[in-house]
């Protein structure tokens, strides 16, 4: 019987997960623990968050006879760091390639650059006139890009001075920014329905990709820099050729807005998250749907591949992070936390690797087939239940009265409805602005024709 290792970790109350990112350093270095960071809404003291993480319970383990695991065990993810400094909701995070720094953006219009070394000073950068929606370090780590609701992109030098250069071309909120692997260019996505590519060092706009018919939430370069993938509220994921500037393929399997998309480290696959609570993985060569997961009970807002390519972490409005084993096609962990937290996941260390060798033959994406196994993960039978709670194992102790839990779930549900309502209103406002712009243009044309 194959061993199933699935645990739940909590820290803090229920909050919507906005952004999540694996560190990108140490590609293929299995001896080195991976770092996982989650940035979410919330405001709680470091002491309370740490205490909640330390006192949390975890579910039991199902496995082969003779395979037992006590709690806590060294393979479990643990809360590594907790940062506090933003004055409003945290919207985005990103590790530098050397994992020595991480950047976060917030609705307080500021960027923060945090040092992973304890007791080190953090930098606060100001310049944007509205909420910061996205951040991304350049491959060298010498530059930091940010996008904002003020319709601008800024490239920062992450030092004490915090100098920045402003890039203007978008006509609406910039939702995503991502550097190419060579650092020479970066791509942005915006509510103006366009994807734009920019030159980093020449500091100029290069070209625009404009086939989406609704807001574009995310755009990313492939590892080799030849392809661009974008996700949109038009329920599609589009694959673009950077050289020809043509759309190579459109993936239309999502049943709602597509919130996030990213390339597998090998460049052969993409994963997308959506408002339909699902995560989908496609092969970009055959355009086949390889894997389908519906483990979250609310919209999936972000995802990130582990550098090895074998794991995927997802962040959701159901207040959880989930780590998936892509080679097995199953859920490994469910994490609970809030504000800016760094989780250390040791599931790539040697001990865990030996366990996995017993469970299954070694398989990597660099195998002869070059693809992930096809998986269709079923829908969880109940709102808010994580995969591990469905196993025949002891349940976690209740940490609060049932009435309070029901009340909080009701409030969260109402907030979700309010968020969707605001989203619809914003869409209508965008349509109204487009129509008004068209009317003004027509009026100008009429005046030009009537002028002698």
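Just so it is clear, glycine is given a Cβ too, placed from its N, Cα and C backbone atoms.
According to TrEMBL, the feature region 'Disordered' maps to 1-27 (among others).
If you look up TrEMBL, you'll see 83-124 (among others) marked as repeat 'WD'. On the 0 to 100 pLDDT scale, the model's mean across the repeat 'WD' (83-124) is 89.
Counting residues 6+ beyond its ends, the repeat 'WD' (125-156) has Cβ neighbours under 8 Å at 88, 91-98, 100-101, 103-113, 162-168, 170-179, 181-183, 186, 188, 190, 198, 200, 203 in the same chain. The repeat 'WD' feature in TrEMBL is assigned to 125-156 (among others).
Long-range contacts of the repeat 'WD' (167-208) within the same chain: residues 133-140, 143, 145-149, 151-155, 214-221, 223-225, 228, 230-232, 240, 242, 245, 426, 430, each at least 6 residues beyond the stretch ends and with a Cβ under 8 Å from a Cβ of the stretch. Per TrEMBL, repeat 'WD' is recorded for 167-208 (among others).
Only residues 6 or more beyond the boundaries of the repeat 'WD' (209-250), in the same chain, are considered here, and those with a CB under 8 A from a CB of the stretch are 172, 175-176, 178-182, 185, 187-191, 193-197, 256-263, 265-267, 270, 272, 274, 282, 284, 287, 427, 430. Sequence annotations record features per position, and here TrEMBL assigns repeat 'WD' to 209-250 (among others).
Residues annotated as repeat 'WD' in TrEMBL: 251-292 (among others).
DSSP labels the residues of the repeat 'WD' (293-334) in these numbers: 0 helix, 23 strand, 19 coil. Residues or ranges marked as repeat 'WD' by TrEMBL: 293-334 (among others).
The feature region 'Disordered' is assigned by TrEMBL to 364-401 (among others).
As annotated by TrEMBL, compositional bias 'Low complexity' applies to 387-401.
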